[in-house]
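Here's the structure we're looking at; comments come further down.
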Ligand SMILES: *Cc1c(COP(=O)(O)O)cnc(C)c1O
């Protein structure tokens, strides 16, 4: 996809804010606890490479990604730090995984056996680095029973080409006020861990929410995603123990204005009709950029004032009602601060009935990212 370096629209990512968020998380950890920054989905839309650099400066000692290609991208951009793939990798990629020194998540004995055969068939002597996933109630991936878990550990111990590097679980409700289900999951985790006689290098259970509100459970590594980017993983439900600094804004410019007569309509479906003569401005961002079509009726900021979005959001443009005529080139803030007005990611998420994570992940690579600070 072409990156829009020649367009009047960009994401602005504040490195200092990300540094602050990760550094605060790191400060709260015990000395022997590592922080792995989660960089899946191009760093939640903030740009994996730049965030990786900032994360290292702020104290991260490794990274987590969702798919192998995201790990390879980091290797290609020069990072030789530990990288854990959190999803299940393909057996045929095992040689590449070992070559690139990437750690994988394993959820079944069968996967281990198949991977071991591939190592043998390809005469690979370097070790496959394995983190065992435990399903304690997320219901996604991971071992559920002590029996299966001991078989996996036994198999790894019996094979020199496999290193049992880590073990982890993932909580479904760590971002909720009600901690009942969290406790159920933690109890199951502790029970499963009784099977593990020799603890591997990394024992990790914490995503952002767990590290923020259940820090006692951390283990010796945390997988920090959302809060590193300044996103409150609970939305508005829980207050973080330290300030999360918002790290992203979305800005554009008015590219065209016109006076519209009473009775004229705007946009696809002609859903908006001017009830009086009025000034209409065009903003060159649309749903193909990840500015959701459900934001019709929401507002943006121009000269410190809220301007309503009129008509439907198009693929690449949308229209707003202006209080008066403005010059083309006038700044439009879609997310961020303008004078004493502010639109947060959470405001957008609420309006779209989704979570702040989805809003940033949806930003298209067509939007250039400008890094500041
Ligand atoms: C995405 C993910 C994380 C990071 O979660 P945040 O809520 O963004 O901190 C941690 N662990 C696993 C297994 C994940 O899939």
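Please read every residue number as a count from 1 along the shown chain.
From the backbone N, Cα and C atoms, a Cβ is placed for every residue, glycine too.
Residues annotated as N6-(pyridoxal phosphate)lysine in TrEMBL: 40. Annotated active site, proton acceptor per TrEMBL: 40, 268, in sequence order. According to TrEMBL, the substrate binding site annotation covers 140, 315. Per TrEMBL, domain 'Alanine racemase C-terminal' is recorded for 247-372.
Looking just at the domain 'Alanine racemase C-terminal' (247-372), the mean pLDDT is 97.
Every protein chain considered, the tally of other Cβ atoms within 10 Å of the Cβ of residue 268 (active site, proton acceptor) stands at 12. Residue 140 (substrate binding site) carries neither a helix nor a strand DSSP state and counts as coil. Each of the recorded positions 40, 140 was scored by the number of other CB atoms within 10 Å of its CB, and the largest score is that of 40. Taken residue by residue with DSSP, residue 40 (N6-(pyridoxal phosphate)lysine) is part of a helix. Recorded residues residue 315 (substrate binding site) and residue 268 (active site, proton acceptor) have their alpha carbons 11 Å apart, per Cα-Cα distance. In the domain 'Alanine racemase C-terminal' (247-372), helix, strand and coil residues by DSSP number 22 helix, 51 strand, 53 coil. For residue 315 (substrate binding site), the count of additional Cβ atoms within 10 Å of its Cβ stands at 11 [all protein chains shown].
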